[in-house]
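S.K.: Copied straight from Swiss-Prot:
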type	residues	note
REGION	111-130	region 'Interaction with CETN2'
REPEAT	138-170	repeat 'HAT 1'
REPEAT	172-201	repeat 'HAT 2'
REPEAT	270-302	repeat 'HAT 3'
REPEAT	334-368	repeat 'HAT 4'
REPEAT	399-431	repeat 'HAT 5'
REGION	475-494	region 'Interaction with CETN2'
REGION	641-660	region 'Interaction with CETN2'
REGION	1017-1038	region 'Disordered'
REGION	1053-1081	region 'Disordered'
REGION	1101-1122	region 'Disordered'
REPEAT	1148-1180	repeat 'HAT 6'
Amino acid sequence: MKNLLTEKCISSHNFHQKVIKQRMEKKVDSRYFKDGAVKKPYSAKTLSNKKSSASFGIRRELPSTSHLVQYRGTHTCTRQGRLRELRIRCVARKFLYLWIRMTFGRVFPSKARFYYEQRLLRKVFEEWKEEWWVFQHEWKLCVRADCHYRYYLYNLMFQTWKTYVRQQQEMRNKYIRAEVHDAKQKMRQAWKSWLIYVVVRRTKLQMQTTALEFRQRIILRVWWSTWRQRLGQVRVSRALHASALKHRALSLQVQAWSQWREQLLYVQKEKQKVVSAVKHHQHWQKRRFLKAWLEYLQVRRVKRQQNEMAERFHHVTVLQIYFCDWQQAWERRESLYAHHAQVEKLARKMALRRAFTHWKHYMLLCAEEAAQFEMAEEHHRHSQLYFCFRALKDNVTHAHLQQIRRNLAHQQHGVTLLHRFWNLWRSQIEQKKERELLPLLHAAWDHYRIALLCKCIELWLQYTQKRRYKQLLQARADGHFQQRALPAAFHTWNRLWRWRHQENVLSARATRFHRETLEKQVFSLWRQKMFQHRENRLAERMAILHAERQLLYRSWFMWHQQAAARHQEQEWQTVACAHHRHGRLKKAFCLWRESAQGLRTERTGRVRAAEFHMAQLLRWAWSQWRECLALRGAERQKLMRADLHHQHSVLHRALQAWVTYQGRVRSILREVAARESQHNRQLLRGALRRWKENTMARVDEAKKTFQASTHYRRTICSKVLVQWREAVSVQMYYRQQEDCAIWEAQKVLDRGCLRTWFQRWWDCSRRSAQQRLQLERAVQHHHRQLLLEGLARWKTHHLQCVRKRLLHRQSTQLLAQRLSRTCFRQWRQQLAARRQEQRATVRALWFWAFSLQAKVWATWLAFVLERRRKKARLQWALQAYQGQLLQEGATRLLRFAASMKASRQQLQAQQQVQAAHSLHRAVRRCATLWKQKVLGRGGKPQPLAAIAPSRKVTFEGPLLNRIAAGAGDGTLETKRPQASRPLGALGRLAAEEPHALELNTAHSARKQPRRPHFLLEPAQSQRPQKPQEHGLGMAQPAAPSLTRPFLAEAPTALVPHSPLPGALSSAPGPKQPPTASTGPELLLLPLSSFMPCGAAAPARVSAQRATPRDKPPVPSSLASVPDPHLLLPGDFSATRAGPGLSTAGSLDLEAELEEIQQQLLHYQTTKQNLWSCRRQASSLRRWLELNREEPGPEDQEVEQQVQKELEQVEMQIQLLAEELQAQRQPIGACVARIQALRQALC
């Protein structure tokens, strides 16, 4: 999308350059000099400084105090007239500086130095200015069209880039948030299910073991019950161990796969960012070099006419230099690509090696654990067999009776039946629970899939709507520019160029030498500044790169130290656990060996108790070790996630710094203006075409190589993963087969042993029947003792289990609380980052708005000064011509010329009004589009940071529309009253002398500018003036309601040197046709239009508030009787004395305007506060909804606090809404009052 927009902008720019290529052939100097000063492009310093950009744009175009414009009119010939003019200039300059200081603050030393250099250049170019004024009008038209088109392209590119970056950032944030949430949910569900399964399994096993132990100790003898119990424990522990190993292997495999996938995606994203940044930087470097080269060719065109050979040699050298630079940049980029490829290969090798070492270490650990487990099983089996043989031998020696044999057989049959039914009941309960949980799991997956699909569809629809809206706006802007601006500019240029072609040929010889010297000086200054700017930019790049490398190195060093410390602690802990376990085993074995040497009959119970305690200790140690391993794995995962989050945050900050730097570089590079010449058009097209073909081919090659490398990496990774999976599955299969074979062999061996033992027991039981009566009492006593010991141990074991459950519940609650706190902290950080980014964006837009305002103001002021100078020269020429014509005398011709002059002046006024109206429509359209994009984009209110009370934007049209729309009232359409204007000085000359009509027609063909308020005439106390002549002494009738006091004091704001488009009126003759308008015509008025102009301001405010929607009545005198205090643009040539004026009405109107401004600012701040409160309430509601989905026991207090805050915010929203509703009617009155003031001014 971005490449398409860039190509479209370049094509439109080429079309624009083709249209104006004839105008730029011999007017090179008019692009760089204006009023004797060098017109330098706006630097990044002026764009970034919001306080002093507009003030210096105004000061740069002010005339110097040492060179006053010499008006040779009737009033400036005497000493009194010169003193009066000097006093007017001093007072205007004083008020200008006061206004600049109040609006923009104090001036910085760097800006003062810049202003001092400009003043020096003005003094140097004073003599040259007098000869160069003829080219100004053509320069103005060219620059206006060029600037309009360039600002339009800049705005379009800036908005496109901004929306693209915002969309990319939102998509990236959403993807990251979704991935993190999905991973957390999966891990949480797996962890919860595993904990539930382990707890349930443990409780079941404990209940089963306790029941069986109690039953067997009551019924069977000690040795038989012990052997059966240990056999069941071995089987259960083996099954649990196998299931735990399988679950651990699966979890490790899933975790390794997810980590590898995240690293792969992260590397690919970083690589794409680096490649795009390098391409963008190279593109701008090449564009800057080509623009500088074109400007150099344009500057050297005039000098090349005298010395063509030297110019060709210079072009050859410049081409070689830029070709070498381009070749070096290309080689540097190739080396950078090679370096990136090497780094990527090394990274892939390191990742594969790390994965292989981890896998190898894991396999070794598994093998060691299996070997240890087999050794423990063999030792346990041997000990069990030994004890079983000894118990059978004692049983054979002591059992002789047939009744005991029958009772034992009956009891054994009951135990087997009970065990079988217990197993069946347990399996049925487990199957039932699994069936109940299966639909819930399927429903959860279906809900997640449907929600994700709906969200994707909504995002896609929003993206398509935004794209269509952008395309529509771009098409409208292109059509408007092609239909209106280009034909008007081309027609005006073609008409004026024919008239001035002859004068250009005559003046070119005189200005050639001076122009060459000035070109040399300007080129040397430009070269020095460019070199210094390049050095500064390289220093900034080196500093940024050094800071990024230092930060990465520190983070890597800290992570490496922490990982080494954790690894060392884990190794020490494992060694300590192994040593402790080995010591426990050794002690138990010693105790058993020592106790076996005593009497067998007396110590059999103690030996069995010690062995049972040893088995319990081993089982407890084994369970504790497994839980410790699980907790360490969880802690390791958390630490790895924290490290990854820290790395992402560091990279995000580096990316933000790089983006800001790129923005600054782009803002600097945008200010360089490209000028195309007719001589090198074919050569430049060929070079651009070849460069474009080469770059497209290289881009295609880079894309293909990148796709091939990514495909190769993916295939290698997939192959390695498949092989690893196959190897793991084969090993697991072999291990399962071995376990099954061992289990079957053990079953067969146990059956044979049981059969032999039972046969021997059957034989020996006959012999032991006689000893039953003797041993019956001893057996009963021994059973009682064993029962008491079993009950005591069961109680202690039950207490331990309860304690473990409580600890586990507390750990889960603490983990959930920590997770909720971390999520809430991350959400607050993201919210603060978004608000800071929005504030920075609004601040940048305000900076750009003030810079644009300064440029428009500077251009308008220069145009006004030039028009005054031209009028003075025309006045002098007309006076000289009048002296010649008075000697000849022709009264009849003068009368005939007077009648002809009236009709021509009427036509001239109509053309002038049409030209001014088209100019105002173009400027108003640009201002409206800019204000809608900056202040009212999509109807969304801006944040509070965008309200700057100390700034005043002079584009009043969109602001009034926005305030009226916010207050609930429609836009008020106003019409300009047409009033007749006097003939003026030029009209009187044309009425007396018919030969001056041609000069008068050429003079009046130009458009009249507007006068800023700091060039207005001061009050009556400073300079008394005489009443005007030639029919201007008619009394002005009183006007009703709002317009009468304003028009009564109109000379305070509209003085002879402030020509407004609304002041043009129609003389007796054909009426001016009204201009068609589709909406309210909002003019771009200067600051002088809002100066106080009436004495009855409070009365007008009250009347306006009473009737806010009524249009102010327009007096009929404005359309019939000329205003004695308004002057025409032709009266600018002579400074005539006017009637005396008072400042009381000005002060009242100023107070009224300040009050209106305060009301509007208060309404805007209230609206912004309401928007921020609504946003805060929505965020609090969303947090409550998320918290209610997963409630916790400790979150109730936090939820109550958030609920109270939400209620307070809703109350505040209600109060602000009521306040806005109450303020709508006063705001509508203020809007109507401003419309009435503007209508009266027009």
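Just so you know, glycine gets a Cβ as well, placed from its N, Cα and C.
The model shown is predicted, which means the values in this text are computed figures rather than measured ones.
Help me see these features in their spatial surroundings.
M.R.: In this model, the repeat 'HAT 1' (138-170) carries an average pLDDT of 79.
Long-range contacts of the repeat 'HAT 2' (172-201) within its own chain (CB-CB distance under 8 A, at least 6 residues past either end) are made by residues 240, 247, 251, 258, 262, 452, 459, 634, 637, 805, 808, 812, 819, 830.
Sequence-distant contacts of the repeat 'HAT 4' (334-368) (same chain, at least 6 residues past either end, Cβ-Cβ under 8 Å): 245, 252, 256, 260, 263, 267, 271, 274, 278, 702, 709, 713, 716, 720, 724, 731.
DSSP labels the residues of the region 'Interaction with CETN2' (641-660) in these numbers: 20 helix, 0 strand, 0 coil.
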S.K.: Sort the residues of the repeat 'HAT 6' (1148-1180) into helix, strand and coil with DSSP and give the three counts.
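M.R.: For that range the per-state counts are 33 helix, 0 strand, 0 coil.
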S.K.: Based on DSSP, tally up the residues of the repeat 'HAT 2' (172-201) by helix, strand and coil.
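M.R.: Once the DSSP states are binned, the repeat 'HAT 2' (172-201) shows 30 helix, 0 strand, 0 coil.
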